[in-house]
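Taken from Swiss-Prot as is:
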type: LIPID; residues: Gly2; note: N-myristoyl glycine
type: DOMAIN; residues: 59-319; note: domain 'Protein kinase'
type: ACT_SITE; residues: Asp185; note: active site, proton acceptor
type: DOMAIN; residues: 362-397; note: domain 'EF-hand 1'
type: DOMAIN; residues: 399-434; note: domain 'EF-hand 2'
type: BINDING; residues: Asp412, Asn414, Asp416, Glu423; note: Ca(2+) 2 binding site
type: DOMAIN; residues: 441-476; note: domain 'EF-hand 3'
type: BINDING; residues: Asp454, Asp456, Asp458, Tyr460, Glu465; note: Ca(2+) 3 binding site
type: DOMAIN; residues: 481-508; note: domain 'EF-hand 4'
Amino acid sequence: MGACFSSHTATAAADGGSGKRQQRKGDHKGKLPDGGGGEKEKEAARVEFGYERDFEGRYQVGRLLGHGQFGYTFAATDRASGDRVAVKRIDKAKMVRPVAVEDVKREVKILKELKGHENIVHFYNAFEDDSYVYIVMELCEGGELLDRILAKKNSRYSEKDAAVVVRQMLKVAAECHLHGLVHRDMKPENFLFKSTKEDSPLKATDFGLSDFIKPGKKFHDIVGSAYYVAPEVLKRRSGPESDVWSIGVITYILLCGRRPFWNKTEDGIFREVLRNKPDFRKKPWPGISSGAKDFVKKLLVKNPRARLTAAQALSHPWVREGGEASEIPVDISVLSNMRQFVKYSRFKQFALRALASTLKEEELADLKDQFDAIDVDKSGSISIEEMRHALAKDLPWRLKGPRVLEIIQAIDSNTDGLVDFEEFVAATLHIHQMAELDSERWGLRCQAAFSKFDLDGDGYITPDELRMVQHTGLKGSIEPLLEEADIDKDGRISLSEFRKLLRTASMSNLPSPRGPPNPQPL
């Protein structure tokens with residue numbers, strides 16, 4: 001379903017390596033096949049990970065499940081409990097470069113970070129001996145998502161069934177992003193069903209190309225699988241948004257049985273991804289609901305800043321059908337935007353509040369879900385404790401206690417010690433999505449927000465008008481507040497300058513080239 005390429009050295013998947021899993025029969029009677037090695041084995045013996053070294057005593061090895069570039073994956077049985085597991089064995093002799101060792105360590109760290117999520121393969125433990133590393137995980141026997149797609153009539157899912165599958169993939173992406181991770185290789189081959197039942201949960205199994213996010217950075221390498229790669233990956237400036245693009249490609253395939261971008265060569269596929277739009281005219285698209293088409297289009301927006309986040313996508317009416325608001329995780333971009341809001345000038349904060357007040361309920365569905373996720377006691381407002389709980393998650397930054405209070409105070413425009421929904425919206429708007437997805441509506445919203453300050457309707461905001469807007473509660477000199485937006489330095493703000501000010505408000509959460517983030521005390 002798609003060639004795998006990478007300029008990033010990595011252990012590949014829970015299948016023992018990158019590429020298609022190969023189903024094999026055979027019992028190895030408790031011993032793993034010898035990979036050979038000679039001098040390489042002696043060299044490998046010097047690589048130490050610090051993992052437990054009693055794998056053979058703990059597990060009875062069974063049939064081979066698959067293999068790849070770096071090793072094999074086997075079924076195994078826990079000798080003490082009788083539980084069946086999957087074991088990924090990675091050959092130390094093939095870790096000839098330090099980066100390969102770091103990749104194994106990172107993959108184990110990632111599996112530990114994501115442990116416990118219902119749609120991510122469960123990690124039990126990591127072991128090693130002189131020759132191999134063993135990663136013990138949940139055994140999934142329902143086959144790949146790819147195989148189920150191919151088994152469907154015309155290789156298509158019904159909309160209802162597709163939404164169930166896509167919802168699970170989005171939950172994985174949202175969980176990764178909340179933990180400061182980007183998956184980087186979302187494709188049907190990397191999702192397994194727990195069992196052969198039709199309603200079996202889907203499990204993400206391959207984190208070999210995954211990497212950590214560091215705020216303010218981007219990935220500059222090209223990794224992933226050709227059919228699912230996002231445009232920004234090919235431009236070597238990618239982040240968590242690339243996972244959402246890949247899920248958009250998978251959704252397109254689930255609904256129509258075809259790839260949205262196809263060519264005979266890898267370079268040709270890349271050209272299609274960069275230049276062309278998916279086709280929604282050929283059958284079966286005319287018979288597919290407008291909601292499904294709207295959903296796919298919003299995931300396949302070429303500009304990553306205008307693309308839905310994974311958590312936003314979970315709030316879309318099509319994929320949410322049958323799902324509950326409580327199932328929607330907190331969006332990393334919402335927390336990042338709140339953190340950024342504190343750094344804005346007072347006038348920019350005022351402008352965002354004015355913009356928020358112009359938006360209609362249907363435009364705010366995803367932010368309402370986010371507000372409800374943080375408002376644990378369902379009081380209709382977010383308290384300091386609820387905000388502290390939301391911001392205490394395992395983020396790519398670390399907030400000290402006083403900073404949480406500072407965020408609350410910046411967002412809380414009426415100074416009642418709580419954050420209501422309108423205040424929350426002002427601090428968490430995805431400005432670039434609004435501006436890019438519907439430029440006409442964006443223009444009308446900016447005009448409406450501008451009019452709240454332009455009291456005499458002459459097309460400019462003056463210091464006197466800003467002073468007269470009572471809800472700002474300003475004292476002292478007003479002129480300094482306008483300086484940031486007053487590009488032509490004429491002492492007043494035009495509509496064009498106002499719109500540019502709003503456009504500078506954007507999410508600052510971007511990923512790093514390599515390695516886990518160093519928490520940044522603020």
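Glycine too: its Cβ is placed from the backbone N, Cα and C atoms.
As the structure is a computational prediction, the values presented were derived from the model and not from experiment.
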Hey, which of 59-319, 441-476, 481-508 has the most Cβ-Cβ pairs under 8 Å against the domain 'EF-hand 1' (362-397)? 59-319
What else in the chain is close to the domain 'EF-hand 2' (399-434), if you only count residues 6 or more beyond its ends and a Cβ gap under 8 Å? 303, 305-309, 312, 333-334, 337-339, 341-342, 349, 352-353, 355-357, 359, 364, 367-368, 370-371, 380-384, 387-388, 391-392, 441-442, 445, 471, 502-503, 505-507, 521-522
Inside 8 A of the center formed by the CB atoms of Asp454, Asp456, Asp458, Tyr460, Glu465, which other residues of the chain have their CB, for the recorded Ca(2+) 3 site? Phe453, Leu455, Gly457, Gly459, Ile461, Thr462, Arg492
Under a three-state DSSP reduction, the secondary structure at Glu423 (Ca(2+) 2 binding site) is helix
Folded-back contacts onto the domain 'EF-hand 4' (481-508), same chain, C-beta under 8 angstroms, at least six residues removed: 215-216, 305, 333, 336-337, 340, 344-348, 351-352, 355, 429-432, 435, 443, 446-447, 449-450, 453, 459-463, 466, 474
Long-range CB partners for the domain 'EF-hand 3' (441-476) (under 8 A, at least six residues beyond its ends), listed in sequence order, are 346-347, 350-351, 354-355, 357-359, 413, 434-435, 482, 491-495, 498-499, 502
How do the residues of the domain 'EF-hand 4' (481-508) split into helix, strand and coil according to DSSP? 11 helix, 2 strand, 15 coil
Could you tell me which three-state DSSP class Glu465 (Ca(2+) 3 binding site) falls into? helix
Give me the sequence-ordered set of same-chain residues, not including Asp412, Asn414, Asp416, Glu423, with a C-beta within 8 angstroms of the centroid of the Ca(2+) 2 site's C-beta atoms. Ile411, Ser413, Thr415, Gly417, Leu418, Val419, Asp420
Mean pLDDT across the domain 'EF-hand 2' (399-434), rounded to an integer, is what? 84
